[in-house]
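Peer 1: Have a look at the structure that comes next, please.
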Amino acid sequence: MRRREPGRDVKRAAEEEFIELERRTDTYEDAVLNEDPQMKGFRFPSILSFPVPNKTIETGVTDENPFSARKSAFFTNRLIGREESDSSSSREDSPLGSTETGESCSTTDDEESKEKRIEYRDSQTQRCLGFCFRQLFFSRMWVFILQFIASYYAGDRFRTDGFNLVDKLIEPGQSVFGDVVVRRGLMGLRRWDAQQFLFIAEHHYIFEHSLAFFAGFPETVNYVRVGVNNGMESVFGWTFPPWVTITLAAVFVNLFCFLLCGMTLYQVVLIMTRSVKISLLAVSIFAFNPASIFFSSAYSESMFFTMTLTGFVFMLFGLRGKGFWHRMLKGFTGTICFGLTFAVRSNGLLNFLYVAWIWCGTLLWDEEMPIPDCHKLISTLAATKNERYKQEWQAKFWRFQQKRKQNRKVFRWTDPNFSRCVTLFIVIVCAISATLLFFTPYVFMTNFTADEFCKPQDSHKQAVETIAKTVRLSPKTVSVKNAWEKTTWCKKPKLFGIIARYYGEIQTKYWSVKFFGYWKIKKIPCFLMMLPAAILTVLAIKSSWNDVFLNKRWNNIWVLTARSDHSLPMAIHSSVLLFVAIFYINSEVFTRIIFSSSPFIYIYIATYIDKLTQGTIAGNRLWQYFESPGILPFFVFRRVWQDGWRGKLLYIYILGYFVFGTMAHSAWLPFT
């Protein structure tokens, strides 16, 4: 039976169905590509408007196989016996074959090839984490060596009038192990603010100035110390003096947090950049960063950055998750992690920006309903004998199928499939819940420390008397014995009836923290010390701004909250930190704050190095990372050094601060 040629009405109906379905696949990114190129850049009227179309492409957390040599020359296998070329043929002729490159020779995705790809991906991921671990571990060994050399030869030659009560209370001869390891080997890790944290961990908050240092880190160190002491007493019947176990506990906690932090940084950067190379470079830069000494000293930077990155991992996976309850679980877990940062450092308050930003993307965007297939067009193409018509529409149909398979999200507020009342209710409930989860650790911490100081136990008063017998205290010292007589904030009512108000008053009283309070002639060297970090931050902010508004042209705040492949919220966060560092707080602390607050600087530097090391240049092959022993920083490439003054200054800054900053801090010189 001969097939009848479809009539014009049938073809028109099929074409109308196709056009309607194709329109439903349009996304905001497609509309941006069709805009006038002259319209690029930041435009305030459109930044807050609802996106049109109200869909965005869901790129997924990572590729199914991020180690495929067909996607990037970076994954080309090492060629033995002949010179490597950067052509596609060299990548496809890799001796590893399809199994090792994760690509199946067959077009069918059978279970066996899928299992091989998963196995290969997991093995490569483990090797990447192994590279990260080597870089992180050996960088700590260098820090320990440098701090020992500096503290041993400098001794107390450069000791200032800063707080050093922990060292004064040490009684030499109590422990040979303590004298050798702690007083000699690790003395460089007990300088400057480390004295404050170690004192709090041992004696709690018995002096007023100690309340400027949040309890998250010293309380953790104290718990570890108590556990070690109890364990040693139960097993051996004896233990080390408190000053020995507290120092060892602080070093152990920071070493553990630093290693975990580097591994988590790899995952966060991979989610944001979809680049294994940039992720590995970011970890290598982090391992030898200019503020590296503060991640090993008895400071709270390592713990703070670990919790921050953990919050990023959970919330970004929640943003990219499938299913409502899965997204809620990840989002609330990430919120708790970000909230804990506020109990560790005061700048954890700014992490609420990330919580609000990512929750907007999680709640206001949802998975798109499946788009049906073009059944009328399929039947029409099967029946038509017009080859020209068939070829034309088959090409359109193929492009439609490619777009139809994309994962997309829709903006719930303007999509007719979602109720605005339900969306508003969910947003309000989650906003209240997330706010409570974020601020609860801080409220608990402030009330705990304030009550410990203003309503002291007899043991704390006794500790002050014991210290006063050993060390002469200044008459201006405010302790738990005279808290009510010499302080005003102890008598003030709590903010909202639940938050103790003391932090700002103590910072102003002891460190002159106020607007323009640090702008003095004698503080110019401190501003010069922060200058390289400030310049890097400004360049990173500019790069992020241009990437979003000039290159990608995503001039819509709602679309930006739905996507994780940009760093605009980190740029805003870093802008606030830079402003506060210049006009408000002690400027010299900006270096360690910016390098321990977000992955922003690491992503910027790693991206810069990535662009310079393309082709067959050293550093653009994954096997080179795997074969690196890790004892030296891997991100140092000749090509970057040859990039004029920028590359040279970058390396001089990072490695100079890593070496000389570590030694200066350990010798009591003003690198704080």
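The backbone N, Cα and C atoms fix where each Cβ goes, glycine too.
According to Swiss-Prot, the protein has these features:
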type	residues	note
TOPO_DOM	1-134	topological domain 'Cytoplasmic'
COMPBIAS	82-94	compositional bias 'Basic and acidic residues'
REGION	82-115	region 'Disordered'
COMPBIAS	97-107	compositional bias 'Low complexity'
TRANSMEM	135-155	transmembrane segment
TRANSMEM	240-260	transmembrane segment
TOPO_DOM	261-277	topological domain 'Cytoplasmic'
TRANSMEM	278-298	transmembrane segment
TRANSMEM	299-319	transmembrane segment
TRANSMEM	346-366	transmembrane segment
TOPO_DOM	367-423	topological domain 'Cytoplasmic'
TRANSMEM	424-444	transmembrane segment
TRANSMEM	521-541	transmembrane segment
TOPO_DOM	542-569	topological domain 'Cytoplasmic'
TRANSMEM	570-590	transmembrane segment
TRANSMEM	593-613	transmembrane segment
TOPO_DOM	614-648	topological domain 'Cytoplasmic'
TRANSMEM	649-669	transmembrane segment
Peer 1: What parts of the chain pack near the topological domain 'Cytoplasmic' (261-277), using Cβ distances under 8 Å and only residues at least 6 beyond its ends?
Peer 2: 59, 61-63, 66-67, 72, 74-75, 128-129, 132-133, 135-136, 283, 286-287, 295, 302, 305-306, 309-310, 312-313, 316-317, 320, 564-567, 599, 602-603, 606-607, 610, 620, 622
Peer 1: When each of 135-155, 240-260, 299-319, 346-366, 424-444 is checked against the transmembrane segment (593-613) for Cβ pairs under 8 Å, which one has the most?
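Peer 2: Between the candidates 135-155, 240-260, 299-319, 346-366, 424-444, the best contact partner of the transmembrane segment (593-613) is 299-319.
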Peer 1: When you scan the chain for residues with a C-beta under 8 Å from the topological domain 'Cytoplasmic' (614-648), skipping those not six or more beyond its ends, what do you find?
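Peer 2: Hits for the topological domain 'Cytoplasmic' (614-648): 67, 73-78, 84-86, 124, 127-128, 130-131, 133-135, 137-139, 276-277, 280-281, 284-285, 287-288, 605-606, 655.
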Peer 1: May I ask for the residues of the chain that lie six or more residues beyond the transmembrane segment (278-298) and have a Cβ under 8 Å from a Cβ within it?
Peer 2: 128, 131-132, 135-136, 138-140, 142-144, 147, 188-192, 194, 197-198, 221, 247, 250-251, 254-255, 257-258, 261-262, 265-267, 269-270, 305, 532-533, 591-592, 595-596, 599, 602-603, 605-607, 609-610, 625, 633-635, 653-658, 661-662, 665-666, 671
